[in-house]
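Database features, via TrEMBL:
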DOMAIN    6-424  domain 'Enolpyruvate transferase'
BINDING   Lys22, Asn23  phosphoenolpyruvate binding site
BINDING   Arg97, Asp319, Met341  UDP-N-acetyl-alpha-D-glucosamine binding site
ACT_SITE  Asp121  active site, proton donor
Amino acid sequence: MSSFKIQGGKKLKGEIIPQGAKNEALQIIAATLLTPEPVTIHRIPDIRDVNKLIELIGDLGATVEKLDSESYRFTAKEIDVAYLESEEFKTKAASLRGSIMILGPLLARYGAAKIPRPGGDKIGRRRLDTHFLGFEKLGAKFHYSAKDSFYKIDASNLQGCYIHLDEASVTGTANILMAAVLAKGKTTIYNAACEPYIQQLSKMLVRMGANINGIGSNLLTIEGVESLGGTVHTLLPDMIEVGSFIGLAAMTQSEITVKNAGVDHLGLIPDVFRRLGIKLEIKGDDIHIPEQKNYEIDTFIDGSILTVADAPWPGFTPDLLSIVLVTAIQAKGTVLIHQKMFESRLFFVDKLIDMGAQIILCDPHRATVIGLDRKQQLKGIKMSSPDIRAGVSLLIAALSADGESVISNVEQIDRGYQNIDERLKRLGADIQRLEQ
Ligand SMILES: CC(=O)N[C@H]1[C@@H](OP(=O)(O)OP(=O)(O)OC[C@H]2O[C@@H](n3ccc(=O)[nH]c3=O)[C@H](O)[C@@H]2O)O[C@H](CO)[C@@H](O)[C@@H]1O
Ligand SMILES: C=C(OP(=O)(O)O)C(=O)O
């Protein structure tokens, strides 16, 4: 387990470029299994989860060529279906959430697929019902062995149909969409997730020869085709990194420019930070955050306390709520953070309270932050990173704090943020990585 030792209280300054989007990368890399032809992907982030999926795709028999530091070519001429039964596959696929998205392509191309219960953050129950209910509607049969947490699916004849998803699951929509593009006839997916990464996946599939209508909406109509061809795809900037850097700038009273932020694809993200009182200047595709000593949280129009809550896109992403929460610590005013989707993602506030933040955890889903308005600095402590976004939030808190902090289990952060310590050091942060 590695740790970060941080000397807090330093102002940062400079430009930072967001990495390619982690959650888009996972969908797009899985989709390369849909065709025997080469698929080239640009702006792939060099992060643990993505590297693990790339390795898995190679283990399955695809040719993986690294073209440069951010570009890969995948050619899945044939897949070694027997590998899906190996112990190695079970261990590797179980270590990340994104592995679940190889199911759709494998079903579409080979009529059968297997997967262990996937990993990912431990942030509450993370069911997969939406994926399997969708596959079943398309004609698949699935079997779950509770003994070894292994799913087996057989789908020798995928037949298009009408599917009303029980919830707008992101990876569920991606999986069902990837199965449907090669199914026979027409599939309709209603209550589909429609966030930018699903739109990106849909556009890539269309370039590969798929027939998809309704991209960007929650009603997707797919006419199945016989086969798909190769393509070239460039990932969007990671919107969660963009939001994290905005929060970082505000908390540490720093002047930071987020270059090439993909501002057209950020949805409500800039507005939510503006409601915390943070000034953002959009210049072309860059976001400039000026140095601000104080920022004041808005209230609702009737004067009541602001709530920031997550919702499926085009609502506010749950993956930025921990960062909004930590950013509110030094604001003036009060905000209620309501994490509706995940039930165990707010427990990390204990550590922030130990650092001196004024937060009341109302229940597992809601926390009230009473801003300190810089009247008092947080103080550095020793802590451990429970999940990827809490980890970055603790890092932001530590960088703003007085004195030294040590954050252990930073592999959680590395899973989604490329080389974060080095990139922040270039802005002037004092972070030391301690390997153990
Ligand atoms: C690898 C990947 O892409 N992971 C992302 C993906 O996870 P993932 O696709 O696993 O998440 P889902 O969209 O399936 O659902 C997330 C959680 O929200 C709940 N839920 C979902 C939809 C809904 O309408 N109502 C509802 O309550 C689900 O029960 C679940 O607990 O999307 C999540 C939601 O944006 C993000 O946090 C994850 O970072
Ligand atoms: C929850 C997240 O990731 P995963 O779904 O991979 O656990 C995240 O990126 O915030």
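Quick reminder: no glycine exception, Cβ is built from N, Cα and C everywhere.
Positions of the features from TrEMBL, shown on the structure.
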residue	record	contacts (Cβ under 8 Å, 6+ apart)
Lys22	phosphoenolpyruvate binding site	Pro45, Ile47, Asp49, Val50, Asp238, Ile240, Gly416
Asn23	phosphoenolpyruvate binding site	Gly98, Val170, Tyr197, Ile240
Arg97	UDP-N-acetyl-alpha-D-glucosamine binding site	Leu26, Asp49, Pro118, Gly119, Gly120, Asp121, Arg126, Thr171
Asp319	UDP-N-acetyl-alpha-D-glucosamine binding site	Ile240, Arg389
Met341	UDP-N-acetyl-alpha-D-glucosamine binding site	Asp310, Pro318
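Within 8 Å of the centroid defined by the CB atoms of Arg97, Asp319, Met341, the record's UDP-N-acetyl-alpha-D-glucosamine site, lie the Cβ atoms of Gly120, Asp121, Ile123, Arg126, Val170, Pro318, Phe342, excluding the listed residues themselves. Proximity to ligand 1 at the level of Cβ atoms, with a cut-off under 6 angstroms, picks out Asn23, Asp319 from the recorded positions Lys22, Asn23, Asp121, Asp319. According to DSSP, Asp121 (active site, proton donor) is assigned to coil rather than to any helix or strand. Here the domain 'Enolpyruvate transferase' (6-424) has a mean pLDDT of 96 out of 100. For Asp121 (active site, proton donor), other Cβ atoms within 10 Å of its Cβ number 20. Under the three-state DSSP scheme, Arg97 (UDP-N-acetyl-alpha-D-glucosamine binding site) falls in the helix class. Once the Cα atoms of Arg97, Asp319, Met341, the listed binders of UDP-N-acetyl-alpha-D-glucosamine, are compared pairwise, the greatest separation found is 16 Å. Taken residue by residue with DSSP, Asn23 (phosphoenolpyruvate binding site) is part of a helix.
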